[in-house]
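Going by Swiss-Prot, these are the annotated features:
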- 80: active site (ACT_SITE)
- 175: active site, proton acceptor (ACT_SITE)
- 78, 141, 198: Zn(2+) 1 binding site (BINDING)
- 141, 176, 380: Zn(2+) 2 binding site (BINDING)
């Protein structure tokens, strides 16, 4: 346990917050700094073919030490932390032998991790938790994944008696801004399949994610002096409100769960003359996903018929798809991970990802990639925490998957 925790504490000291407004790759310099450090550590521990490219993708190989015909397995995690909150000067706090009560993160600022807000924390009574000090996020998403993969590789190198096939590892930049797979060289990586280590609760295994589209709307109004505006003015803000009201009221993130999809308005800025709106559309079912996009198009067409052609301009683009259709043909990769989770003494929880991962994109690039847990909770904010035992269990699962395939 100590090794994975120490690595995690080291990696969260690097500020690697990604920036969605940047056109650079990686989007922030801190990611390249961490990439170079990881490459240095990989070389030092004895991995081969260690590389960091100009976009900060780190790749390395652990060569096989068995004559058996064993598939080449990849493990992938991302180095960046979410833009939602600062990841600079993270001050982790240890809560040992957690007693099931509220945790004071920052007395001075009265920031408290409350059981009533996050009841799942009671699952960890008696365990050691790592929390924030309430002023930053923690960075378990996904530096816990990085630390877990690094620890597993170090263990295999230090224990050559454990037989294994070729293992490939990669650490990616900019996952949090949706660009983690943009420059991922699948051919160079050269694995038969892979796993991202980027999930949440201990025991989780994910191989289904949303189909996703992004929507940008520009509404053109007609501004006329309000004193003489009757039958002349078109207020673009009002049209925007009308557009929003034409979408299903309850099919939004705050009223959906499990396999339910949604429309989510993420930006709405306007004047009488011009309003800009942004939505994301999400659904697990491809048919329902296409129907949601058609609904958005129909709403726009209706408003253009009412207010005049070109009043509402629509840009809609698909962002990623449900990896399930690419993972199903090689379902053994899910079955093996499920078995590995069981064999290390956990109860596997197969859950749909209400979001996307690098693995979703990679699966459509020819590298089927389900997602394994890191053990963390409440990612992207000051209430993020991770139980230390969950991190060592994640290491155990990585090692167990490799072991099961080497038999």
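Each residue, glycine too, has its Cβ placed from N, Cα and C.
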Chain-internal residues near residue 380 (Zn(2+) 2 binding site), provided their CB is under 8 angstroms and they sit 6+ positions away: 82, 84, 85, 137, 141
Neighbourhood of the residue listed as 'active site' by C-beta distance under 8 A, where only residues 6 or more apart in the same chain count: 16, 17, 18, 26, 27, 28, 31, 173, 174, 175, 176, 177, 180
Residues that sit under 8 angstroms from residue 198 (Zn(2+) 1 binding site) by C-beta distance, when 6+ apart in the chain: 76, 77, 78, 141, 142, 145, 175, 357, 358, 359, 371, 372, 374
Near-site residues: Zn(2+) 1, ref 78, 141, 198, CB cutoff 8 A to centroid: 77, 142, 145, 175, 176, 196, 197, 357, 358, 374, 379
For residue 380 (Zn(2+) 2 binding site): DSSP state (helix, strand, coil): coil
